[in-house]
Amino acid sequence: MQRKKIAILGAGSWGTALALTLAEKNHIIHMWTRNEKDINDLIKYKENKRYLAGFKLPDNVYYFTDIIDCIKNCEIIVLAVASQAIRSVLEKIKNSVYINQLFVNVSKGIEKGSLMRISEIVYDYFPENHYVVLSGPSHAEEVSRKIPTTIVAASKNRWAAELVQDIFITPNLRVYTNPDVVGVEIGGSLKNVIALGAGICDGLGFGDNAKAALMTRGIREIARLGVAMGAYSSTFAGLTGIGDLIVTCTSMHSRNRRCGILLGQGHSLEEAVSSIGMVVEGVYTTSAAYKLSQKYNVEMPITAEIYKIIYEGYSARESVYSLMCRSKTHEIEEVIEQNISGW
Ligand SMILES: NC(=O)c1ccc[n+]([C@@H]2O[C@H](COP(=O)([O-])OP(=O)(O)OC[C@H]3O[C@@H](n4cnc5c(N)ncnc54)[C@H](O)[C@@H]3O)[C@@H](O)[C@H]2O)c1
Ligand SMILES: O=P(O)(O)OC[C@H](O)CO
């Protein structure tokens, strides 16, 4: 493939892992982060000691303190900051983006106040630019070690999705395409809420049964909301749905799960988040998901309980009791609603 000039906005763990991957494919990488000390350290050590220590960045990675210089002449602009910061980053570049620059969003979240997905925020600023969301089960710590990983490039535009597939694919990072932007964004964001719950279960000392139940019922309520918002239900059975949910609920790399473990052990939210030291997207997404469930009138009992734990001070044990003692119900709603089996 032809060498591309790619701007990565955000030099956290994921932005850095992607810079490594793309630079090793011989693309020219421009990295920007808001923190000048981080940029100076990157220039000095050619390593991201703060967010992803142990990996040398090659010489075709360049570092910028000026975001406008960073994106200049880049064909691709990768959004790799925490999701609540995406709007402020777009605001900084709003007068400097050309129509032929393609956005690749790798951030997983929903904007807290507006309840907008990242594609909607990008569309607000750049309605004519192509947009691709790249998501799936992909811990930065493993991608940078070249451990086999699979992700999905989703776009309304097939050409854009296939271009991003070609740019990012390596023998260790297999990229699929999908037209379902809503499904991929909802799955990638809301799995973090369930991962907080999985961590809480671990922190409370529960076992594998509880975790399996949480994950299975969790993906079901995520899919219910996603479909109400216009997603394909099959996306939630794929890499960006159940795939990402599995990796986030079971891995000790997951910041969301680790935060949940601390909550389950009785630490406050502030203590838990500050001890993680990196973005814990699920904290914000819990609030957004809870409000989306109300807006779309979709029942999301697990999300509602995690909202109560995080934002209303409920104890985790109280929430588990509420979930277990809800009125009894059927497993697959469609069977009852559509009278499929004649019940
Ligand atoms: N780490 C992973 O394994 C991984 C994998 C896939 C997706 N993601 C997603 O990628 C996004 C970034 O995650 P990360 O792991 O790199 O997080 P991180 O905590 O390692 O880094 C966050 C980055 O966002 C920047 N940032 C935060 N607030 C900002 C603001 N107000 N303005 C400008 N920049 C700001 C920070 O400076 C930093 O560069 C998240 O949405 C995450 O869910 C992470
Ligand atoms: O570390 P987490 O919990 O933010 O998860 C990172 C990625 O989203 C996993 O695919």
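Heads up, the Cβ atoms here are built off N, Cα and C, so glycines get one too.
Keep in mind that TrEMBL annotations are predicted by a computer and have not been checked by a curator.
Checking the candidates LYS94, LYS108, LYS112 against TrEMBL: the one annotated together with ARG255, ASN256 at the substrate site is LYS108. According to TrEMBL, the residue from TYR51, TYR232, TYR307 that belongs to the NADPH site alongside SER13, TRP14, ARG34, LYS108, ALA140, ARG255, VAL279, GLU281 is TYR51.
When the CA atoms are compared, no binding-site residues among the candidates LYS108, GLY136, SER138, ASP244 lie within 10 A of GLY10 (NAD(+) binding site). Under 6 Å, Cβ to nearest atom of ligand 2: this is the test, and of the binding-site residues ARG34, SER138, ALA140, ASP244, ARG255, ASN256 it is passed by SER138, ASP244, ARG255, ASN256. Compared over the binding-site residues ALA11, ALA140, the count of CB atoms lying within 10 A of a residue's CB peaks at ALA11. Among the record's substrate binders, LYS108, ARG255, ASN256, no two C-alpha atoms are more than 13 Å apart, and one pair sits at exactly that spread. For LYS191 (sn-glycerol 3-phosphate binding site), other Cβ atoms within 10 Å of its Cβ number 33. Counted over all residue pairs in SER13, TRP14, ARG34, TYR51, LYS108, ALA140, ARG255, VAL279, GLU281, the record's binders of NADPH, the longest Cα to Cα distance measures 21 angstrom.
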